[in-house]
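K.L.:
Structure below; questions to follow.
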Amino acid sequence: MSQAQTDAVCRCEPYLREAVLTFDGGGIRGYASLLIVQQLLRHIRTAEGELGEEPGKVSKPTSGEDDLPLPCDYFNFMFGTSTGGIISIMLGRLRMSIQQSIDVYERFGTQIFAKKRPFFFPGRNKYDCSELERIVNEVAKRHSPNNDGSDPQLWDPLLISEQNRLQNKRSGDQPAPCRVGVLAIQENPDNHEYEKLHLFRSYFNPTPFANTGNLTQLHLNLDAQRGSSIRKIARATSAAPTYFRSVKIDGLKYIDAGIDVNNPSDVAWAEVGSMHQNHPLGGCPHGASTDGIRFLVSIGTGLQAPRRITSGGLSILKIRSIFKRAIKAMTDPEPIHRYLLKAAVGGEDSRVYYRFNVDRGLEKMKLDDCQIVNGGGNHTFATIDTAVTRYVNRPAVEKRLIQLAKDLVQHRRRRRAHVPASGDQPPNIPPPSGDTVELSASSPSMEPSSSAHELQS
């Protein structure tokens, strides 16, 4: 590691740094992501058992169908794109168990992807988005505490303001809830092009908004932090063109961010870095720090087979193959992975950056593949299950999972033992009100921050 990289590493105590979990987009293939996390949680359960019980032990699912720990007890942040965004909402915002989330995902398969519309033609989407919205809203209401019957919001009241935290009587020995970020692409109302990446948050990010000129700013929409219902945001992040129609939120249209950012890890890295600078116990005291991340765990949906261009002249088949190859290049999550390996967090043996992604068995599976066999079984899910089982039991992968599990357990225990509960916002940062926080670029609080973490395009 170079001196410059060393200077950029946060020198806070490890337990003060953040544990981050991200999920790629992938349609039905997102089932693989859940199964990988399930295996990680099995190793976490083993690691917890080896250390013995502790005061204030982690919460467990109350329905009795799953004795694995909750993912939200081990990760401070979760981010996702497309179906990965829905997974982040379930595991992070709704604090669902891994088995509960797997059960919901299986419903997506049988009730949505297995029911293509009988007539599909240009201009018409393959699937009825109302069923997706109905399932998500039903799940959100079931798992939202103190739900009054209205649509649950992505904004978590326990993260937005001190007043709300007191109203909810959150106990003082509990850490702040897991923060969730969900990506979508926003339409430009002037030219009706989908060109602006948007991050929906369950929390408020007080990082000052700065115009970065030619740099690609990964601190997204700090000047307009919008809240909406979980069902609407789940629709926005999963509105893949030709699969589901776009959705309107506050008069603006959104579609699936997977066509631009299928792997949200770099966005998560920058976002969490900015939040770490505004830690509830005060900003990072080390001015050179740019990240403050203890773990960045990226979960993929399986490698896809490379696209080949049909030989011959510019036939319909060749044009189609070129188009498919271009789409694959845009949605390929691996370049972000390679970038983070090299530039962000230190190589294959890093105990900071982890990437788990099935590399064999799912190459030819389509995003909406869902084969129901006689008797009601789901051949697609069975195929994914087999591929994931082989992957997580491979010695090198298993070693990394066990190492990560042990480190996550130690990290959570130290954090709970030493960090008192507090809110997200440092003093003098007003909580958002209404559905949108609009920050004026002329406001005194909008001066560019020297700690802002940006990646060059």
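The backbone N, Cα and C atoms fix where each Cβ goes, glycine too.
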K.L.:
With TrEMBL as the source, which of 25-30, 211-216, 409-414 is set down as motif 'GXGXXG'?
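P.N.:
Of the candidate stretches, TrEMBL labels 25-30 as motif 'GXGXXG'.
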K.L.:
I'd like to know the mean pLDDT over the motif 'GXGXXG' (25-30).
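P.N.:
Mean pLDDT, the motif 'GXGXXG' (25-30): 92.
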K.L.:
I need the most crowded of these active-site residues: S82, D256. Count other C-beta atoms within 10 angstroms of each C-beta and give me the top one.
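P.N.:
Of the active-site residues S82, D256, the highest Cβ count within 10 Å belongs to S82.
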K.L.:
Expressed to the nearest Å, what is the distance separating D256 (active site, proton acceptor) and S82 (active site, nucleophile) at their Cα atoms?
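P.N.:
Given the Cα positions, D256 (active site, proton acceptor) is 6 Å from S82 (active site, nucleophile).
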K.L.:
According to DSSP, collapsed to three classes, what secondary structure does S82 (active site, nucleophile) have?
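P.N.:
Coil, per DSSP.
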K.L.:
Can you break down the motif 'GXGXXG' (25-30) into helix, strand and coil residue counts using DSSP?
P.N.:
4 helix, 0 strand, 2 coil
